[in-house]
């Protein structure tokens, strides 16, 4: 028998990935220097929208009241990243500083994920440098993403991270720890003395960790704060925030120059209000007869669509913007073209003859369904688009939580059956400009449920309503894409707190199955999309931010 040790096969890396490895050396990076490569403008847009999806998931977790980095928060964010097919970000957020050195495809995928993460951050700086409100939103979400990625690292990976970024923080020696041992034990909550002795501690000026000082999670002596490895994220987070704030100021100084390109101007200006969820182009899985719309409008329509429906039934007419908003919504829930024409004709012909309807209005309905004109299959409006709509006198379109004054809004809520206390609650959220939160609260009240919902599209509101009432079966993910809950990550020195190889492979397989489905959908959509500037390159070296 041959007892000689067999050497592992050497990982062969393709030349194009060696350059990526030099530029993006870690899953968690400080965004210091802008990227220097040229990218196509279509990739520019794709990277921006992909990252925006991630940041909105962070925002939704906050909206649901989940404590940041708690097990529930991590599970929600993990599920949403997986559901949206954001496999690259999922890996960066859960794999710490590890590199898949024993699997060439995993390693190359991880390098590409690092690249997309890095470039997309600088793209969004250009979109969010315009106003203080946009800056604040961007910084808050970016810091949540950064801390989520950082929290997955082991102490050894944190040391590597510090060396890589030339952050001169050195752990205390045994002698230095013993000198302040009592203070470290008293200030480190939730750890035994034995585990505290195993932890690394760093000494920094207390002004760098004011959040830890405020929550009494560090020991302070002579103006120096003693911070353990698990709370070190506060120190690095402050460095990252400084980088982002400085970068936004640089981007703001250069934004006028960047916007001389009309293609970039349109994209960057509208990016924050871009809808990044499902488009609900057509309800293929269910058909809704128009005879049921009156009943559905009272039970399953969001307030904006209920108002549209009541306006149409009362006035027997609707202006163009209202017809677009309501007509595409009906299309999305499953009203067929034939039924849509019949529905609008029956109302409009109460005030006009059928010939005028056919000549002036029927074409628009057929156009929205992709049967006339450009043959484009138009998607229903998202909440973001409806909130941004311009509303004129006598029109039924727009978001009622934004455009109605408090008195009118309360009348509409009362007409929908809400009690005084509930009306005050919903109207109060609207008064604070939390329009989608007001809509979510309206959903909970009208459906008598405590279930937390995130409303970002009227058609999603309708689907959630139907599922809750049992009229529609929620589509379950395939067995391959189902996963076990992530185990609680405790702040200990045990190896059990980090993902092992089996967990990593499980995560990879889950995300890969999700991505295959997403790629098939995107490929089909891309084949229909005509991009006039397909071959244009964008030089990122000219953007110093």
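Counting begins at 1 with the first residue displayed.
Including glycine, each Cβ sits where the backbone N, Cα and C put it.
Caution: TrEMBL annotation is automatic and unverified by curators.
The following features are taken from TrEMBL:
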type    : residues           : note
DOMAIN  : 294-462            : domain 'DNA primase large subunit C-terminal'
BINDING : 304, 383, 399, 439 : [4Fe-4S] cluster binding site
Item to complete: Tell me the Cβ neighbour count for residue 399 ([4Fe-4S] cluster binding site), meaning other Cβ atoms within 10 Å of its Cβ, over all protein chains shown.
Response: 26
Worksheet item: Which whole number is the mean pLDDT over the domain 'DNA primase large subunit C-terminal' (294-462)?
Response: 92
Worksheet, complete the sentence: Counting every protein chain shown, other Cβ atoms within 10 Å of the Cβ of residue 304 ([4Fe-4S] cluster binding site) number 27
Practice prompt. Specify the count of other C-beta atoms within 10 Å of the C-beta of residue 383 ([4Fe-4S] cluster binding site).
Written response: 23
Worksheet item: For the recorded [4Fe-4S] cluster site formed by 304, 383, 399, 439, which further same-chain residues have Cβ atoms within 8 Å of the site's Cβ center?
Response: 302, 303, 386, 387, 400, 401, 402, 435, 436, 455, 458
Discussion item. List every residue in the same chain as residue 439 ([4Fe-4S] cluster binding site), at least 6 positions away in sequence, whose Cβ is under 8 Å from its Cβ.
Written reply: 302, 303, 383, 401, 455, 461
